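Lifted from Swiss-Prot, the feature list:
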- 25-41: topological domain 'Periplasmic' (TOPO_DOM)
- 63-68: topological domain 'Cytoplasmic' (TOPO_DOM)
- 114-130: topological domain 'Cytoplasmic' (TOPO_DOM)
- 152-157: topological domain 'Periplasmic' (TOPO_DOM)
- 179-198: topological domain 'Cytoplasmic' (TOPO_DOM)
- 222-244: topological domain 'Periplasmic' (TOPO_DOM)
- 314-330: topological domain 'Cytoplasmic' (TOPO_DOM)
- 352-355: topological domain 'Periplasmic' (TOPO_DOM)
- 377-391: topological domain 'Cytoplasmic' (TOPO_DOM)
- 4-24: transmembrane segment (TRANSMEM)
- 42-62: transmembrane segment (TRANSMEM)
- 69-89: transmembrane segment (TRANSMEM)
- 93-113: transmembrane segment (TRANSMEM)
- 131-151: transmembrane segment (TRANSMEM)
- 158-178: transmembrane segment (TRANSMEM)
- 199-221: transmembrane segment (TRANSMEM)
- 245-265: transmembrane segment (TRANSMEM)
- 269-289: transmembrane segment (TRANSMEM)
- 293-313: transmembrane segment (TRANSMEM)
- 331-351: transmembrane segment (TRANSMEM)
- 356-376: transmembrane segment (TRANSMEM)
């Protein structure tokens, strides 16, 4: 079992590493490529677009051909495009490389969640996804620090070579450690089981909405945090970095505590707790009389996301044994596109950073609480749990 956990964690971590590690080198990248920093900030969106594009096909391929045939090319593409970005001499080539890099990371991301669906029962999967969420929270803190240390002695290209090395490690794990987990195709007489795993299932759709809104909350916070903390609250850059590190610490602590909480409380209880924390954060930020109270509201956001997201993802994947890849892709596409659409629309309409965050917090909590209360899970699928045979 440990091999599947190690491989899944490694496959997922390419996604945040590809986002956070290069940011520290952005000024030098812009100077070398004769582009403005503003022009290269689109590299973040381009990378996410590549991930979303990968999710359109990766899940279906993983369900038909297996997890390894998607993970291996995905990791290989991530390696090649990381090297390509390091060799780019124009901003156009750099952005093209970033799109393809996101494509590779997206393939790996989809496979990771499909593997966990294949090999873990509902309760263990919820615990593991909570741990994975905590580990993912470490990357936005550690990646820029690692990037800064690398750039003390090496040029910005070394950041992408470091990503390539990470990709090589994932490729080696996928080739030699990971074993195939895709369940055997059902016999002709059992096709009804495959047909019953519909993406239009009410319970699955409710969890898609909940996880998409939750991701929208956390990404809205990340995107608006410089404005909120430095422009509105007046913190210095160093203080901003410290606050963000502390919020990551809150996320990690809650994420690592959630598996223990699942041994005491029902998953539904933790999901309700998550949304109540979001609602409390929205109210706190609305009526906040001081910066200290506002910072407390921000910690509630991080705690709320960490306590509920892994559980919601586990529940979303629960009904799917034969279509776990497609389900994982659907979740990923909805989360990436839904959160990006909200942030873009809010910016176009001219909603302030403060109101943007408060609005999504309150909307997420109200909609999600209603869905948790009134959309119950169907009959669990368990026949495929614990893979004992591998292709």
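In case you wondered, yes, glycine gets a Cβ from its N, Cα and C as well.
Between the transmembrane segment (245-265) and the listed ranges 4-24, 42-62, 131-151, 158-178, 199-221, the one holding the most Cβ pairs under 8 Å is 131-151. Highest Cβ pair count under 8 Å relative to the transmembrane segment (42-62), across stretches 4-24, 158-178, 293-313, 331-351: 331-351. Tertiary neighbourhood of the transmembrane segment (199-221): same-chain residues 271, 274, 278, 298, 301-302, 304-305, 308-309, 312-313, 315-316, 319-320, 323, 326-327, 330-331, 334-336, 338-340, 342-343, 346, 356-357, 360-361, 363-364, 367-368, 371-372, 375-378, selected by CB-CB distance under 8 Å and a gap of 6+ residues from either end. Residue counts of the topological domain 'Periplasmic' (25-41) by helix, strand and coil are 12 helix, 0 strand, 5 coil (DSSP-based). In the topological domain 'Cytoplasmic' (63-68), the DSSP tally of helix, strand and coil residues is 4 helix, 0 strand, 2 coil. Proximity of the transmembrane segment (131-151) to the transmembrane segment (69-89) is not established, fewer than 3 Cβ-Cβ distances being under 8 Å for residue pairs spaced 6 or more apart. Assigned with DSSP, the residues of the topological domain 'Periplasmic' (152-157) fall into helix, strand and coil as follows: 1 helix, 0 strand, 5 coil. Listed stretches 4-24, 69-89, 93-113, 158-178 were compared with the transmembrane segment (331-351); the greatest number of C-beta pairs under 8 angstroms is found for 93-113.
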